[in-house]
């Protein structure tokens, strides 16, 4: 949850706040953590070349070697030891090798056009509700102007009424429209039947009714009784990657299974109708959206899948009190509920990002980049010298970047700190412009943008990075298994020809 902001009245949130230059101060323990991931698979990495050598050597045997081998058949001890070693090595490799996780397809919800809200309409509606004073209205106007949102973002049906109707029934309707809309398209695109789904993970931070959202999906599609269903709440905009990680772990346990991940947010009952500045920002940024993702661990699905999951790296800074409360749902002095964004949000986000990418680096960066980075880091730690840390070039590790479209300022700062080119941040900026901050589903709209532009080629690596309340920063890395064409229900299909648009500074 990130935002642009300004100051006006009691609470002060400065537009000039920037992410710290987190690549200039790297903690060695997080580098060690990254290398730990590699070492944990060392046995597998060692066994693969050993088995390869044995096969190669066996292929070179001539008649004399075979004759010698026949003589050795009487050496029972040698035969038993060799066979036992071969069986043990093969067994260990098979048992410890993680199952590959494939992404067959995904679908992003495209809201109907009557839910679109223009700047002028937003401000007029906010004025007519009578809930906001002049200072709050002016604050919201400035946020909108600097937000990076366009004129086609959507708010739920309940917010189009005067007065608004934030009822439980309206919130359920919003959740059903988004989740079922995305799932209907996903099932149609993949021809997978709902009863074939063995694992279901739903994440929605602020709307958690009883029965749960996952139960609503099971009921709607009449899914089987032994489905493993999970409902994640209160985990913020980074929960989409958390849901992918949970589905991945479940797929490691349950063979030959399909898993669906549904990522969404609900606005209807979470619109803030007060005058506390730090709680007004979400009104200006968050918009309707959601995505459904179909995963499989079946080897037979590889040929028809779009992507393979390579890495998931999660960072949680909740042990720090400031980080824990920087995105906080609470009531204001008038008893009105909303989500408050702390003035320390950008600095906390920077620290979380630094930790996450420092752990991710050893897993994805080329050896040359890792050596340069590690040598300069050790030199600085050992000799306490004024050695400028080497900033790894993540463009050598990834072809496409899906940065959570939380706000214009965050995208700007990540582009600067990671030394990205404008094209690398294009998908994030355009998603923010067309759909707004759709919370945990924004990274899927960004991936859909890249596909709609025809840029995804076989072997391309994609980095999805998201962050949210807690405070958390999570990354997912995918590799394209083929030249990926956009699905028939791609949310950009009716407007991709107009993008990228030029954004005002």
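A Cβ is built for glycine as well, from the same backbone N, Cα and C atoms used for every other residue.
Remember, TrEMBL labels are computer predictions, not curated facts.
Annotated features, as they stand in TrEMBL:
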- 237: active site (ACT_SITE)
- 316: active site (ACT_SITE)
- 400: active site (ACT_SITE)
- 404: active site (ACT_SITE)
- 433: active site (ACT_SITE)
- 437: active site (ACT_SITE)
- 93-382: domain 'FAE' (DOMAIN)
- 399-478: domain 'Beta-ketoacyl-[acyl-carrier-protein] synthase III C-terminal' (DOMAIN)
- 35-56: transmembrane segment (TRANSMEM)
- 76-95: transmembrane segment (TRANSMEM)
Name the one residue among 400, 404, 433 whose Cα is closest in three-dimensional space to that of residue 237 (active site); these are the active-site residues. 404
Candidates 400, 404, 433, 437 (active-site residues) - the one closest to residue 316 (active site) by CA: 404
Spacing of the two Cα atoms, residue 437 (active site) and residue 400 (active site), in whole angstrom, works out to 20
Distance, residue 433 (active site) to residue 400 (active site) (CA atoms, angstrom): 19
Roughly where does the domain 'FAE' (93-382) sit in mean pLDDT, to the nearest integer? 94
When you tally the Cβ atoms that lie within 10 Å of each candidate's Cβ, which of the active-site residues (316, 400, 404) has the highest tally? 404
Below 8 Å Cβ to Cβ and six or more residues apart, same chain only. Which residues does that give for residue 433 (active site)? 148, 149, 150, 501, 503
Determine the Cβ neighbour count for residue 437 (active site): the number of other Cβ atoms within 10 Å of its Cβ. 27
For residue 237 (active site), what is the tally of other C-beta atoms lying within 10 angstroms of its C-beta? 29
